[in-house]
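Colleague: After the C-alpha cells below, expect a handful of questions from me.
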Ligand SMILES: CC(C)(COP(=O)(O)OP(=O)(O)OC[C@H]1O[C@@H](n2cnc3c(N)ncnc32)[C@H](O)[C@@H]1OP(=O)(O)O)[C@@H](O)C(=O)NCCC(=O)NCCS
C-alpha cells in the first residue's frame with residue numbers, strides 16, 4: 001500500500017448563456033462552416049457580468065464535493081488553475097474558499113494557461129502524498145471571453161468560459177491506484193506565440209489574447225504526443241492499455257492528430273470542444289466531469305489527461321480512477 005492521491009469526485013459549471021457559431025457570425029466576420037471545419041467548435045458558453053472565474057469555480061467545486069461526499073470543512077487545499085483571475089490579487093482560490101465557506105486551509109492559484117489544470121493536479125498530487133492535506137479541491141476555471149479581442153476573428157471564435165473541479169483525496173491504496181504519474185514541461189522561448197498583450201507590470205491593462213495559430217498547432221501535436229508517451233513509459237503502460245484520454249479541448253484537429261500519432265482509437269477520446277470550445281484550464285476537468293457523469297469513465301478505468309498552452313507549457317497525467 002502506498003499513500004496516493006485518488007480521484008474522489010468531479011464537478012463542472014458553465015455560464016447560463018450559450019452562443020452558437022451562427023450567432024457569433026452575426027457580430028464577427030466568420031461562418032459556421034469555417035469554424036466547424038478548422039476547429040470542430042459549434043458552441044461556447046459566455047459568462048454574464050455576474051458570472052466570474054471565482055463563482056464558476058465555486059459552483060464546479062460544490063458539485064465535486066457533493067460527488068465525493070465531502071463538505072467544504074474537509075478540504076485542506078484549494079488550487080485554482082486560471083489565466084483569467086477575478087482580480088490581480090488575491091488569488092481566486094481564496095475567493096472560491098470564501099464562496100464555499102471553507103475554513104482555514106491552503107489556497108493559491110496556478111498560472112499555466114491551458115495546461116494549468118495539469119500543473120495544479122501535479123502540485124496537489126505531491127502535496128497530498130507528502131501530507132500537506134488529506135483532501136484537495138483542484139479547479140480549472142476561466143472567463144476567457146473577458147480577454148478576447150472581439151474584433152480579431154482568428155482568436156475570438158476559439159474560446160469559451162466555464163469551470164471544472166476535482167476532489168483528490170490522500171489514501172493508502174495499491175500501487176496501481178490513483179494518480180500514477182504526472183509530467184510537466186515549459187519552453188519559455190515560445191512565449192510570444194500565444195500570449196495576452198497586457199498585464200499589471202507592463203501595460204497596466206488586462207490585455208487581449210494574441211496567437212500565431214499555425215505555430216501553436218504544430219507544437220501542440222508534437223508536444224502532446226511526446227508527453228503522453230513519457231507519462232505512459234513512466235508507469236510501464238502502452239497506448240492500448242488506456243481506457244480514456246481526456247485531452248485539452250482546443251481544436252478537434254489537434255486532438256485527432258495527437259490520437260493518431262499515438263495509435264489511440266477515436267472512441268477512447270473524450271470530446272467536448274464542439275460544445276464548450278477552448279475553455280483553457282477548465283477544459284480538461286469539464287470534459288472529465290462530463291464523461292464521469294454520463295457513465296463513460298467508470299471506477300477502475302485507466303485515464304490519461306493532457307494539455308498544452310501558452311508559455312508554451314504542457315503536461316500529462318495518468319490515473320486509475
Ligand atoms: C486558429 C486555426 C484554427 C486557424 O486555422 P488555419 O488553418 O491555420 O488557418 P489560417 O490562420 O492559416 O487562416 C486561413 C484563412 O482563414 C481566415 N480566417 C481566420 N480566422 C477566421 C475565422 N474565424 N472565420 C473565417 N475565416 C477566418 C484567415 O484570414 C485566412 O484567410 P486568407 O487565407 O485569406 O489569409 C488553427 O491554426 C489552430 O487551430 N491553431 C491552434 C490554435 C489553438 O488551439 N490555440 C490554443 C492552444 S491552447
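In case you wondered, yes, glycine gets a Cβ from its N, Cα and C as well.
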Colleague: When TrEMBL marks a stretch as region 'ACP-binding', which of 249-253, 254-258, 259-263 is it?
Modeller: 249-253
Colleague: Six or more residues out from either end of the region 'ACP-binding' (249-253), which same-chain residues have a Cβ under 8 Å from its Cβ atoms?
Modeller: 38-41, 114, 158, 217, 220, 271-274, 276-279, 283-284, 286-287, 308
Colleague: Reported as an integer number of Å, what is the Cα distance between residue 248 (active site) and residue 278 (active site)?
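Modeller: About 8 Å separate the Cα atoms of these two residues.
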Colleague: Where DSSP helix means H, G or I and strand means E or B, what are the helix, strand and coil counts for the region 'ACP-binding' (249-253)?
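Modeller: Taking each residue of the region 'ACP-binding' (249-253) in turn, the totals are 2 helix, 0 strand, 3 coil.
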Colleague: Identify, in sequence order, the residues in the chain of residue 114 (active site) that are 6 or more apart from it along the sequence and have a CB within less than 8 Å of its CB; answer 'none' if there are none.
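Modeller: Same-chain residues close to residue 114 (active site) (Cβ under 8 Å, separated by 6 or more) are 248, 250, 278, 280, 281, 283, 307, 308, 309, 310, 313.
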Colleague: With DSSP as the reference, give the number of residues of the domain 'Beta-ketoacyl-[acyl-carrier-protein] synthase III C-terminal' (232-320) in helix, strand and coil.
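Modeller: Per DSSP, the residues of the domain 'Beta-ketoacyl-[acyl-carrier-protein] synthase III C-terminal' (232-320) fall into 38 helix, 22 strand, 29 coil.
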Colleague: Report the member of 248, 278 (the active-site residues) whose C-beta atom has the most other C-beta atoms within 10 angstroms.
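Modeller: Of the active-site residues 248, 278, the highest Cβ count within 10 Å belongs to 248.
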